[in-house]
Amino acid sequence: MNGTAAPTRVLVLNSGSSSVKYQLLDMADESRLASGVVERIGEEGGVPDHAAALDRAAAELRERGLGLDSPQLAAIGHRVVHGGTRFTAPTLITDEVVDEIERLVPLAPLHNPANITGIAVARRLRPDLPQVAVFDTAFHATIPEAAARYAIDAETAEKYGIRRYGFHGTSHAFVSAATADLLGRAPGDVNVIVLHLGNGASASAVRGGVCVDTSMGLTPLEGLVMGTRSGDVDPGVLLHLERVGGLDTDEVDRLLNKRSGLLGLCGANDMREIGRRMAEGDESAQLAFDVYVHRLRRYLGAFTAVLGRVDAVVFTAGVGENSAAVREAALRDLEPLGIVVDSVRNAVRAAGPRIVSAPSSRVAVAVVPTDEELAIARDTYELALRQ
Ligand code: ADP
């Protein structure tokens, strides 16, 4: 590349509560030049804080000759977890935008502060570059009020910003669009139920490329059973734990976020381990699997009714892409809903997007690998080019 060519590289930073993930992509051909993760922030053996984690990431890139000072870097994209009702699209970062993300901290106390630190360090290192915030909530901003509102006192809800925001939006957007591609149809013509099943898990109903419902709510705790998070519980359970169990707020928080889900039910949060234990006849692993699958089926039914017509059900993220057993169990005996899985196709392990339903299935069943970093890089590059 000669020195005058326009820069095409984008650095994507994902500052989580205890780790910083980074990827450097060349948007000329969407190739990945580098990726890495700095883990155990604030824990023993790790770096002390997020600023140090970002310095470490920058140093790792420098060692590979890909330092942040490179003239080939066009922009930096930041995953930001909570955009509230204000941010409904990727946004060029300014001081005012940072202030607004700061104001949203009470809605995402573990995540937004980490995101803000990431932004601050990156802006300090490259104040000349466009930096873009891509929000996890943005894709869900189109959800109609009937689905977004909780049926609680309206004034209280308004005062505290209590409504359903949804998360994993970048993944749901990427995967629903890729599914339309896979079907050879325009995104505007297809209705898709996306099942993003990773450590965190969420479902969304996407009508013609527009999100109309999702399983996560005010926080990423609502909805499906996850690795360590409960998903839906009767809110009365919390009251019961406080009143009868004497648990305080932090204890309830830890219980529902860290000691529940698959882990809470059977002591393991990795679907691979659960599969191995089930094969040995382990009853608690079987129960965890059954609860997980039951919840999935419940959302599948709910979102089928929300959409009316469903063209595709698509599985993505660690469990969705890799666990044929979960896909099979989630869709078993759903022929009355027009869903017929081809067991042979479903069992084949493959890397790319693929259809795993039978030709007779009215609803296509697809497996589409998600790529949130690529999606963030695309959004970032597109905005940067407009500067
Ligand atoms: P994150 O939400 O952290 O991005 P991933 O989408 O990578 O997580 O999903 C991680 C989870 O995927 C693991 O905890 C594990 O349960 C599951 N997983 C990964 N590989 C497999 C596999 N081959 N079979 C079943 N489950 C898998």
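Cβ atoms here come from the backbone N, Cα and C positions, even for glycine.
Straight from TrEMBL, the features:
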BINDING   N14, E372  Mg(2+) binding site
BINDING   K21, H196, L197, G198, N199, G200, D270, M271, R272, G318, V319, G320, E321, N322  ATP binding site
BINDING   R79  substrate binding site
ACT_SITE  D136  active site, proton donor/acceptor
SITE      H168  site 'Transition state stabilizer'
SITE      R229  site 'Transition state stabilizer'
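Overlay of TrEMBL annotations on the structure.
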{"residue": "N14", "record": "Mg(2+) binding site", "Cβ contacts under 8 Å, 6 or more apart": "V20, K21, Y22, H78, R79, E372, E373, I376"}
{"residue": "H168", "record": "site 'Transition state stabilizer'", "Cβ contacts under 8 Å, 6 or more apart": "D136, H196, G200, S202, S204, M216, P220"}
{"residue": "N199", "record": "ATP binding site", "Cβ contacts under 8 Å, 6 or more apart": "M226, G227, T228, N269, G318"}
{"residue": "R229", "record": "site 'Transition state stabilizer'", "Cβ contacts under 8 Å, 6 or more apart": "G200, P220, L221, L256, N257, K258, S260, G261"}
{"residue": "R272", "record": "ATP binding site", "Cβ contacts under 8 Å, 6 or more apart": "none"}
{"residue": "V319", "record": "ATP binding site", "Cβ contacts under 8 Å, 6 or more apart": "L197, G198, A201, M271, V326"}
{"residue": "E321", "record": "ATP binding site", "Cβ contacts under 8 Å, 6 or more apart": "F315, V367, P369, T370"}
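Proximity of D270 (ATP binding site) to non-local residues of its own chain (separation of 6 or more, Cβ distance below 8 Å) is seen for G227, given in sequence order. Checked against ligand 1, the recorded positions N14, R79, H168, L197, E321, E372 give no residue with a Cβ less than 6 Å away from one of its atoms.
According to its DSSP assignment, E372 (Mg(2+) binding site) is helical. The residue listed as 'active site, proton donor/acceptor' counts 25 other C-beta atoms within 10 Å of its own C-beta, drawing on all protein chains shown. In the three-state DSSP scheme, V319 (ATP binding site) is classed as helix. One residue stands out among the binding-site residues K21, R79 for having the most other Cβ atoms within 10 Å of its Cβ: R79. Residue with the densest Cβ environment among the binding-site residues L197, E372: L197, by other Cβ atoms within 10 Å. Of all residue pairs in the ATP-binding list (K21, H196, L197, G198, N199, G200, D270, M271, R272, G318, V319, G320, E321, N322), the one with the greatest Cα separation is 23 Å apart.
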